């Protein structure tokens, strides 16, 4: 059981709303319980310097949190003049996760930037960002295919992410902020719909944890990811239906 | 007439939704046509160094724009490592405007930060920010009074802002982005509900403009502000009704 | 009456000295009472990226204050590593004001940078900067025309700026630092010699002020600007006479 | 087999030299094949603000790479004016890994900073840093115990890290730079000597990979870590023998 | 002979004007030929952290160049966001030079900041800064003594600086910008009026130079410094005469 | 006599080890007593913008100190986000010193960066950096000549540097950190093997010093440099022998 009474293997409610952003080629406002992230996909006709003239595109991500997305107001990174190490780590993770399911050659010399901005935070923001970013990316690519900018869909898979943690009461799925703060181990699983691994980040909080515990967390993650894959498809289908 | 067909003196639809932010002491998601700004008021038990021990509080503001709030994606200021001159100018304006209707002594040694983050931009974001920030501030102060942290409401007035511009077809109220880009003069009026002036910013775009034109713009602003004052009160009343 | 005994509508003494800077294409050292600003115009054979190949030039401005231009020493912005919001706001204002009276097409692909550095500060530095910058710009353009780099003078007007403020004793013209610190409303009027408006910035300091007060301030500004236009022409004529 | 001919489960030669740094309380120069990292532990009589007066110490880490540690010279981060996202990610990982085996209460109000500077890079620098940092930390703590600054050794375990990767020829242990660049999946395992998990970072490079592959990589990591634990103990014992 | 026709051992005209800065406790506008530097001394009732409570004062310096002090406009350091290495080197030199003739204990817990801002540059700006800064410092200290803030004058000597260079025609005194650009060796001598050395900086420009050449440059410097010491005393006496 | 018992004119032991850096075209790990600096020379096929297309190469230097090279841990410049004035001053000195003995035309359009990173500091790090950088540069250029990238060796001389200081007991050669901290005057002499001057930096610490003292320091420096020139040649010959 979660401290909140939720079952150990139960996800919080998942809502994915598309089209919130008026200008982006694809967008998803994803809500997982009290966490809410606006994910937008922006298509630009350029590639970073290291790819110029190589016939390949790029997918990258940026992550941010509104100052009052959190319980106590945090500093605005733009005002502080730099992104924190945590922010950079998360946006690198989002970028790698989405590139793992994109055929960059098939994208041609386009760059897609996934902006994930947390409007309300209650744990699991990096996972919600990845899950929502896939929807935004999928919708943007869908438009490029529909408009014949691209010959075929460059996505090679579906990716979603979920956090699991070891609490004093055992392994639980989809930690909220309070649970996350108290967890003995904190893990983020980025998985693909064909049952493979995109990224795993597992961290002991105060003391090392056992391989058995890791395996329990992994099993919960598989379950949670299944629900996320479904919610993603529903959101895409709803957005694209004529 | 506006180029879009709207009447010269007609505001775009105004929608103010409160409570969007789960953690802020006060919040307003304000929509003026296609412009959408999330305004939050955060109360902190501290004052800036220059006010320490003086028995007075402070109200300040920060402004930001999500990278894809705009037609083409803009750079993320946190990633660039600094806020633009435009951003700083706007957030200074918001702060001054709200302080002009706050009795800082009555606030005690509290600091209220108004964060105005543009989720979708279609012209007039600084004006929408001020108008929304007043609602967020009013709600946060209302809670402080209700919780007896404050003895009385420190607000001394109601403030709202609207932009007007000189187009080739004459003076118009509440410019959208396309109109703003083509305007010959661009003005922002921050006004109080008791018919006084808080701030005026008027800029010629390509050539100086006449005092008569200025007076027409001012008259339109008074009209638009009236509608905004009403929408603010409705939002506050709805939020506070038992 | 000014607190200092000066009449409400009386400017402080105006002195504009040209040629102080040995290298600049145009320069003016402007003194308005105890305020002293060195304004230089630098001509460069380049335009900013967004204008490349468009057959148009650019006029921009930078503003600074020597650390001990003020009563108490201020931080050096170069040492702090960034320009304050106030500095950026002022230099943006100077640039816009001068562009409003420049035909950028007639300038060809040249960039003119107006550097306004405050050597001594006693209120009204942004207004003195604009007034002095016009002289520096005019002299630099005069040389370009004389040297046949330009076919005709790209200036379309004459611009000057003056501050007015509401004191407890009523509206006064050309505030010095002490007056400015105590003013109830602070306004800057950037006007053209043909009686039009280039920029207006009006700010309530502690409480909103009335439209009547605004109109009194505007009337004083018109008067003060008249004296500045005359001083500008005298300075230019003296500098250019054979 | 490794592309280099090394067996799939064979570590590169491990050499840990202590005392290279003349001033640090503990230091280890660790060489894993062609990778060489200088790890120092610095003890300071202070704690970060969030721990002041809480009777608890802190362990933190910083990571850097000499500009020419790599095949082609990289930019010096101090000259660029910021640490890259990769650097910050690595130093956060090192800090977390060492804190997981330190009893911060037993440390008292001391701060230990682990500096890991890469002198020569040939893959696996973050893992070598963690493994070397444990030795530096252990030696510094040993001195504090010997000098009776601390009553007992605050270390609760032994930690080491090793990278494994999926190459076209299968899973291999301890990737060098060339292998790392070509890997299909890249994993870093931070493990404790009592057979538990401190951190796992697993990333697919171009496409998701299977759970079976992950398990093979984990098994190799356990084997490699065993050799590292032994080398650590030998280094500590040699350094501390009378 | 100088390329300009000036004798090898002849200084350019020296003019030191005091009181240019209205607010500084001491100020000197020094002109050496076409080089012009405004030096101000600001007295503050604080010391840097490393001196707190030690009963000793501090003298420090900051240096800047107006963007158009030079032939071609240079970047504004405040806008670039950092001081160049050259700027930092010069301001460190100025600070060291003045501290070498100040009894910091006799200063009490005061900090004096010497700001040296180049208004027009034609070679030798760092030397002119030191020479002018001594006058500004002397005047500020004179006031502190006159006002009985200090019991006695904390200056222990008189310091001035001059550049000498090796041109193709031999050693010359007080290089202007054109000469400096072509010099084979460039030296700055900071000397005290009692014939001692405060600082020497000697740099070969393209190839090493002989000790004999160095000795010739040193002899010229002694001569030039003599003239500067005289000009300094005249300026101080004029400023202080009743 | 040195405070440590070393003779006034005696250098500390000099050891220059080549090849420590695995990737650099030339490298030298220089130890002068307890000071240890890793110097690498990196050859790149590019020149800085101001030299493009001019048929000339460039030699530049960067300097850094590991945080715990010193007795007490210093801040990491990369983490602070900028290089100190001292660091910049030193790296500019190293670059100038090596360029003074390099024929940049003979180098062709190549850039050589000399990175000098202090691993252990005990005084004289800038001098050790210059001495070691010459060896690294010489070895890198030797390879370019051997590989026929260059037709002839672009070095025009041999350069080394040594510090001397005035202690209460008189002039001494090659100050260690403790001596340096207490010195009355601190000098750095960069000399060429043909008995000429590359750079002299002489600074009074608390009071000006006499020309006689300067001459004694210079004489010691000549002696010390002789030993350094010999050690450099031995290191180069050993590294290059077949």
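Here the Cβ of each residue, glycine as well, is placed from N, Cα and C on the backbone.
Remember, TrEMBL labels are computer predictions, not curated facts.
The domain 'Exoribonuclease phosphorolytic' annotation in TrEMBL covers B:10-140 (among others).
Among the features that TrEMBL reports, phosphate binding site is placed at B:86, B:124, B:125, B:126. Cβ environment of residue B:125 (phosphate binding site): B:35, B:37, B:65, B:90, B:118 lie under 8 Å away, each six or more residues apart in the same chain.
For B:158-224 (among others), the entry in TrEMBL reads domain 'Exoribonuclease phosphorolytic'.
DSSP labels the residues of the domain 'Exoribonuclease phosphorolytic' (B:158-224) in these numbers: 20 helix, 30 strand, 17 coil.
Taking all protein chains in view, 14 other C-beta atoms sit within 10 angstroms of the C-beta of residue B:86 (phosphate binding site).
Each residue in the domain 'Exoribonuclease phosphorolytic' (B:10-140) gets a DSSP state, and the totals come to 41 helix, 41 strand, 49 coil.
For residue B:126 (phosphate binding site), applying a Cβ distance below 8 Å and a minimum sequence separation of six or more within one chain yields B:63, B:90, B:93, B:94, B:161, B:163, B:188. A 10 Å cutoff on Cβ-Cβ distances gives residue B:124 (phosphate binding site) a total of 28 other Cβ atoms nearby, all chains included. Residue annotation for phosphate gives B:86, B:124, B:125, B:126. The furthest Cα pair among them is separated by 13 Å. The phosphate site, placed at the center of the C-beta atoms of B:86, B:124, B:125, B:126, has further neighbours from the same chain whose C-beta lies within 8 angstroms: B:63, B:90, B:118, B:121, B:123, B:127, B:128, B:129, B:163.
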